[in-house]
């Protein structure tokens, strides 16, 4: 087994035992990046010099008795989180030459733990997309099948983990942007409760929906990363001051007696038969292990996509108004007047999908339409939150598909944006409600494409989600397909 193939748990044990150094782990990942990056296109920026310097520092820390399991472990970071002195493009021409002047809090936490940052990874432009095809600096490809989407917007995070270029990655989830690519690429992805992980230093798409979280190869690895990134941050006004448990402590507990809710609305027309087969198998496996299977209803599911695609663009239109060429980022130098500079800068700096969402959001917030669109969407959002509260009165965890289909060919839905938006139907609700959700690998289709199982819990119940996911991982005992590179 090559060093880059290890799990975080395995690599951490070898580091503590002195069987391998962080420099050797990092060199192994850098070599892997050099070998496969042309195929998967996961990175925007690879910081080889910085990574090796961090690895040397981690080796010294380990020699001095550092026990954090992330010390010396190579990672990647989605390119909308600030890493001091590295580019932060957000996948957009608008920020092509922007260098972050400070670290995001989550980056500080991980660097404090001794993790080694290999670089910044591809993403949909300003996180607006479900396939990562809107990235201005290369489109990531699914490691399991060349020419297929990796999911989005954290496509680069999922790809770099699945292709074994790094041990874990930090992505963000606004409407499924961690869970969907995790499902399509066959890795574990966790969207924590809103406010559980600091958003300071995270470039905002939709401020009431965005949340950072980890993508890893195993559930145990995910728990280890969660231990390091969660917690209150006074620099983030949305951060919630609540004690963080040890997420690894209860993983090995069984699921006997746990109530697993199956939302009937997530098994409706349009669900791919192979996806349903994998999910139904997961339900049966949990039942055989002693979990109680409960049918539940989330009656406002049919409105979730419409609500999300009003609220998210509305917040985006406000957040992205700052990108006008005046202070930082791309500036059109041919403009004759200030007004022309604003117009020309934004026209050239933003891609089509971002401009589309800004237009939708501006319209929804405009005078005469606010009550009809944004206000009404916010009212239905409250009903969606109540749906989850009612469901959790009769169950502990909700289990469902992550996406209605497995990955599809790159470009196959480019002319049908509604089809792409509808692929978010099972994930946007967790963001609207602020609850935690995760994707855990459930199996493969006959074509060898991964299928994810979605678990959702009530606020701050990540511990239960991880326990169910860990048990699923062990019970399913999936024999992963072999990457062809």
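Even glycines carry a Cβ here, placed using N, Cα and C.
These come from Swiss-Prot:
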ACT_SITE  78  active site, charge relay system
ACT_SITE  153  active site, charge relay system
ACT_SITE  177  active site, acyl-ester intermediate
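Around the Cβ of residue 153 (active site, charge relay system), 34 further Cβ atoms fall within 10 Å across all displayed protein chains. The DSSP secondary structure for residue 177 (active site, acyl-ester intermediate) is coil. Taking the C-alpha positions, the distance from residue 78 (active site, charge relay system) to residue 153 (active site, charge relay system) comes to 9 Å. The highest number of surrounding Cβ atoms within 10 Å, among the active-site residues 78, 177, is found at 177. Cα of residue 177 (active site, acyl-ester intermediate) to Cα of residue 153 (active site, charge relay system): a span of 5 Å.
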